[in-house]
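> Handing you this structure, nothing more for now.
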Amino acid sequence: MPDVTCKLSGLEKSFGRNHVLRGIDLELRAGEVTALMGANGAGKSTLVKVLCGYHFADAGEIELAGAPFKPLDAADAISKGVVTVHQSIDDGVIPDLDVATNLTLDLLTEPGADFFVNDRKLRRQARKVAESMGLTMDVRTRVADLEVADRQMIAIARAMARAPKLLILDEPTSSLSASEADRLFALIDRLRAEGVAILYISHRMSDIRRVADRIVSMRDGAISGLFETEPLDYVGAVNAMLGHQMTEVDIDQVAGGDPILEVDGIRLFENGPQIDLTAREGEVVALTGLLGSGTTELAEVLFGLAKPAGGSLRLDGKAYTPKSAEDAVSKGVFMSPKDRSVNAVVPDFDIANNMTLPFLGAFSRFSFLSERGQRRAADDMIDKIGIVCQGNSDGINTLSGGNQQKVMIGRWLLQASRVLLLDEPFQGVDIGARRDIGHYIRQTAKGRTTLVFVAEIDEALEIADRIVVMHEAAIVGEYINKNVDLNRLVADVSGPASGQGKREAATQAMAG
Amino acid sequence: MNTGTMHKNPLELAIRYGFLVLLGGLALFFSLYASGFASPRSAVFILQSVAITGILALGVTCTLVVGGFDLSIGSVATSALMLSAYSMVVLEQSAFVAVALCLVMGAVVGLINGFLIVKMRVPDLLATLGMMFLLIGLQRIPTQGNSIATGMSLGEGVVAEGTFSEAFLWLGRHRFDLFLDRLLPVPVVVFLLIALLIWLFLGYTRHGRLMYAIGSNERAAELVGTNVQRYKIVAYMISGMLASVGGILLAARLGRGDIASGNNLLLDSVAAALIGFAVLGAARPNAFGTAAGALFVGILLQGLTMMNAPYYMQDFVKGAVLVAALVFTFYLSSRRGGRRTA
């Protein structure tokens, strides 16, 4: 058994009356990747924040390499050997500076560093670091000009330059494509071989299958399952995280009525493949595909945020050429975008104002708002879609991710639409809220057509009547959501001959 | 998490009402210790001293609401001052033409500011800073850097013969009767009216609500179908027009196109708008707060003056109030916000 790098015992943390961590006991060992799984609100982020010095624990102890570890702040945690790469990559790099400077930044802040910067020396040192991490780019490239994966590698490389004992990776693949993720995994393999203890936080079964030596499941602030005997029990881990066996959702598959939205030969880029699609009244169509497969780009075209490189759209039989979001909304095409905190949430507003934002015109007379009308509509939607809150005047940021997302979706259900586009509606949403949202979308699906853009196949299976698979800006498969042949579906998603086995297995585990 | 109990929390009460209590306390203090402070005439004097600053501050509030900033308001006001003088004294136009010219000028400057920021993607501070310099220079060109007054030489023995019309001077100098004879000056009435309008517009119309949404998350506002660019341009146009209203009132009070007037307008009005963040714990720009902020500075200065504080203390006092208000807004409110999201 390898050495224990970090030992947590009886860790507790509360915010007010809310007990977020209820006694965590956990050992993280050198040269092992421990995957941490948990639904939203299980306490994963809080655990990470305690480890990296952002929060103090209320009770319990942490030992790092045998010595008590009580970081005063984030810098202290890093200097003692606990380094975290956070979910949002740009926290870890300085985008406007070049790779060399990013990799050697810590040398500049060291006591006794030279007053003048010797660029050539820095570049040499940076090249050494880059090589040791398997990075091949020119170190003079500006970080902002790199791809996401490279930026992330640099964030990790910076972290590694401090020779950490414990490396925490928080959802590192959330913005990576499959091949980019493979590079990250190769790097993790190397670090493991060097004897670093790694805590790997992720929702993605495929990642966890690839890298984990052991799995820890968290639920309601406590450890609900520890799996470390080969072969790892992935289904067990998922069950421990969710607290119940995942069952397939029963979909009353609907065929759909008249065509509402007709996509005719749309190309997402010059000389790209043509996309043809008909979305009918009353049906829910899921468009699924890996990151970069074109689902988001198609959604943007449909909502007037981007111009297609060719082809045409028809709405209710008439030509539809949306010029802007404003234009699309006025024609009855609504979209709930992905990344809600960036694209949807108005942090200064309360629930009612966030929800009614697109339709303020309907809540005002001679431009003067009817506050009562807004609040009544919000209360109504809070009931219908099941938002857990104290009232419609709660600040939006007091809500959990799932409830925020319910507000953002509910926003577009206040008024009838012809086409409802939902881009990643289940992003950062716990399983309960996901079910609520899916249920309500299906319940209200009559009278419009609904297109849902999701990367996860199980999410598509949970909500859609019809599943359309995209790969490299083309439609490569279409399935009626009834006894779907999962193997074929997964094969379509992965595209011709690329790591099918992994995705397939992952999907089966998630779909139970 | 425990938002239900927040209203009774002393910190919350302090954030909400602390500033207004301070304002009341200050008025009470000066009433007791500065003889003559507590009189209608003194109150009106305070209002008059803050009226023009306040009008400009309400304009800048609109740009702050959409997440922008307008540094050109001071120079727009002085440009309006010079333009109105020039059109009446040199071009011998009527008061109506002078006022209309100034308003159009303010709107056009706002439009250009908005265009630079929205279409040319120049950062707001830089665009309006550039505009400020441009206007400071531009307003001096027609008169070769001289002030404008009746009888001034126009070169080659020609003398400017136009005068400030009575109707124009009325805007700056007339006083309405209210309980007392000749109590309420026109600028104060204009200030109060504009404050009321902006308060209603920002707080109670859908346009105002969308402007706040733009200031809070521009991308989200755009994706719900708001015409973000139009609202931003309109905000700068409101700001420009209100600044030129301020300039007109200043010209009407002075009765000449004084090149050196209005130096303090920019800083004073920005300060009032920022102090306004602290009022009622809003922690964001708001019309009521801006008006209260302007009043706060006015009361403080008037009181101190009546207690024989030297004039050169004024800027120091304003600065101190501003820093205190900003701490109030950002530190205390962030602590409150932190607790809420924890």
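Glycine is treated like the rest: Cβ placed from N, Cα and C.
Straight from TrEMBL, here's the annotation block:
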- B:14-33: transmembrane segment (TRANSMEM)
- B:45-66: transmembrane segment (TRANSMEM)
- B:71-89: transmembrane segment (TRANSMEM)
- B:95-118: transmembrane segment (TRANSMEM)
- B:125-142: transmembrane segment (TRANSMEM)
- B:183-202: transmembrane segment (TRANSMEM)
- B:233-252: transmembrane segment (TRANSMEM)
- B:264-281: transmembrane segment (TRANSMEM)
- B:287-304: transmembrane segment (TRANSMEM)
- B:316-333: transmembrane segment (TRANSMEM)
> Do the transmembrane segment (B:45-66) and the transmembrane segment (B:183-202) come together with 3 or more C-beta pairs under 8 Å, pairs six or more apart in sequence?
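Checked: the transmembrane segment (B:45-66) vs the transmembrane segment (B:183-202), in contact.
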> Do the transmembrane segment (B:125-142) and the transmembrane segment (B:71-89) come together with 3 or more C-beta pairs under 8 Å, pairs six or more apart in sequence?
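In this chain the transmembrane segment (B:125-142) contacts the transmembrane segment (B:71-89) - 3 or more Cβ pairs sit under 8 Å.
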> Would you mind listing the long-range same-chain contacts of the transmembrane segment (B:183-202), meaning Cβ under 8 Å and 6+ residues beyond its ends?
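Same-chain contacts beyond the ends: 40-41, 44, 47-48, 50-52, 54-55, 58, 61-62, 65, 170-177, 208, 211-212, 238, 242, 245, 249, 252-253, 286-288, 290-291.
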> Looking only at the recorded stretches B:71-89, B:233-252, B:264-281, B:287-304, which one has the largest tally of CB-CB distances under 8 Å to the transmembrane segment (B:14-33)?
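Top-ranked stretch among B:71-89, B:233-252, B:264-281, B:287-304: B:287-304.
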> Count, for each of B:71-89, B:95-118, B:233-252, B:287-304, the Cβ pairs lying under 8 Å from the transmembrane segment (B:316-333), and report the range with the highest count.
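Top-ranked stretch among B:71-89, B:95-118, B:233-252, B:287-304: B:287-304.
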> Considering only the recorded stretches B:71-89, B:233-252, B:264-281, B:287-304, state which has the highest number of Cβ pairs under 8 Å to the transmembrane segment (B:95-118).
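Answer is B:233-252, with the largest number of Cβ pairs below 8 Å.
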